[in-house]
Amino acid sequence: MDVEAFVPSVNQSIETSVEEIRVQVAEPLKDCFLNFGICSEMSTCQLPKDRRDQNHLVRDLGCREGSDTCNCKNGRCVKDSRGNWKCLCLPRHSMKGKDCELCDCGRNGKCIFAETFSVQTKSIHYQKKCVCDTGYADKYGTCTECDCGADGTCSYENGLKRCDCKIGTADKEGTCIGPCSSNPCQNGGQCIMDGENFKCQCRAPFKGENCEIGLCSSNPCQNGGECTMDGENFKCKCRAPFKGKNCEIDPCSSNPCQNGGKCTVEEQNLKCECKAPFKGKNCEIGPCSFNPCRNGGTCSIDGLSFRCACMSPFKGILCETGPCSSNPCQNGGTCSVDGQNFKCSCKKPFTGNLCETGPCSSNPCKNNGKCTVEGQSFKCECRKPYKGKNCEISPCASNPCQNNGKCKMDNENFKCECKAPYNGNLCQNGPCSSNPCQNSGVCEVVGLSFQCKCKEPFKGKICEIGPCSSNPCQNRGQCKVVGINFQCDCKPPYEGKQCEKDPCTSSPCLNKGNCTVNGNSFKCACQGPYSG
């Protein structure tokens, strides 16, 4: 059977870089070989962590799809994601030809079988080879710790350590030592061999033979400030109360304490010792700080207090007294000093030197009404019962008292003084008030009584006597005056001027029959043998 094996080179890693190897296992071999792994239904073999670095894959052309056995010894035949059959070796085994053979270099390296071809025998030979991790080398088939330093390569010959040192370095007790071995270049500088000497290639902003000189080397931070590198610049962390790029600014250097105060630093804070009478954080507060002198007066310190030098015409301790101090301008006028005197700027509608003249100055509101300025005019607030724009209208203005009664005000109301024979609130009651004259007679007051002027045909004291006064209409006839006489409106069956005639008046019943009125006619009660 022809076998094509995958043999990694010395510098090629033979461990898988993934935690899971996803393969298609030939039926019915879906379980993981020798139970060292965990298989899933997706044919995924997840290896234990301590064995993942010992897994090797080879491709065996002898593996065929559908086969139930594997042709690689000490391994399992699987199909990868590309459909190629490969041989998956057991831990601590590696591919040797077509089979997996035991191959172990310890935990610090990988074991492979290197393939060599013999020209003489014209055959392939396999030799175990250990590919060791950094810091380890092959010693009798096991990767053993081996270190010659950064300037040399370590290996074992016949079990003895050997250091192959770089030019300019030498093996000293198993370590390659040279000018750069002691890392003379500071601050990340790169050491370059220069014969038996070295040369430092410094990172900015460092300089010097050993890159020892930096921006903080000259101690740029003053007053105990701490210097730190910030890229290609430096940064100062200043001690309080100092500040500035180089901590060069002293809070006291700007003389913050005013008015002769002494500046000191106490517990890293600035403090001002003030002279009396000054106080405040910077001794900035004094007797004149709040401008006590008014009206342009000049304030000056006088011992522990102050003194005001007043401008004319002002006077007083604070220059507070002047021409306008008494508020001479009335009605909201603004007072301003004019030389040694004052001047009033009046608000409309007020005028006058003191703004004393306005719409109410002429007392337009009568009857003790209260006058107030409203806009450019005035408004009267009238006392009861007065009204009108100027409170000029009173209850007596309409002459409420009748019959020549006299109207007089009584507090908030009016009162009528009546002339005899009249009385009442408005003198409205008199002899004629009850209309004593009947039948349209005209009543006239005469003295303390009245007299009726009767219309014809009426007469009497109260015109009560007329044509109908004697009730001339009989049989319930209704009497009415017509002209100077009367006229009867008779009820049927009566008639005549005074309703004196009825149906029996003409004696319609014969033979002594008894006649009686019956409705609008008559009825005969016959005697004897008579009837009809």
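Backbone N, Cα and C atoms are what each Cβ position is placed from, and that goes for glycine too.
Where the annotation comes from TrEMBL, it is an automatic prediction and has not been curated.
Note that the coordinates shown come from a computational prediction; the quantities given were computed from them, not determined experimentally.
Annotated disulfide bond per TrEMBL: CYS202-CYS211, CYS274-CYS283, CYS346-CYS355, CYS418-CYS427, CYS490-CYS499, in sequence order. Marked as domain 'EGF-like' by TrEMBL: 177-212, 213-245, 248-284, 285-317, 320-356, 357-389, 392-428, 429-461, 464-500, 501-532.
Here the features listed in TrEMBL are painted onto the structure.
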residue : record         : contacts (Cβ under 8 Å, 6+ apart)
CYS202  : disulfide bond : CYS185, ASN187, GLY189, GLY208, CYS211
CYS274  : disulfide bond : CYS257, ASN259, GLY261, GLY280, CYS283
CYS346  : disulfide bond : CYS329, ASN331, GLY333, GLY352, CYS355
CYS418  : disulfide bond : CYS401, ASN403, GLY405, GLY424, CYS427
CYS490  : disulfide bond : CYS473, ASN475, GLY477, GLY496, CYS499
By DSSP assignment, list the helix, strand and coil residue numbers for the domain 'EGF-like' (177-212), in that order. 0 helix, 12 strand, 24 coil
The correct DSSP tally for the domain 'EGF-like' (357-389) reads 0 helix, 12 strand, 21 coil
Same chain, outside the domain 'EGF-like' (285-317) by at least 6, Cβ under 8 Å from its Cβ: which residues? 259, 276-279, 323, 337, 339-341
Note down the number of other Cβ atoms within 10 Å of the Cβ of CYS211 (disulfide bond), including every protein chain shown. 20
Spatial neighbours of the domain 'EGF-like' (464-500) not adjacent in sequence (6+ beyond its ends, CB under 8 Å) are 438-439, 456-458, 517, 519-522
Count the residues of the domain 'EGF-like' (464-500) that DSSP assigns to helix (H, G, I), to strand (E, B) and to coil, and report the three numbers in that order. 0 helix, 12 strand, 25 coil
Under 8 Å between C-beta atoms and at least six residues away from its ends: which parts of the chain pack against the domain 'EGF-like' (392-428)? 366-367, 383-386, 445, 447-449
Averaged across the domain 'EGF-like' (464-500), what pLDDT does the model get? Just tell me the whole number, please. 89
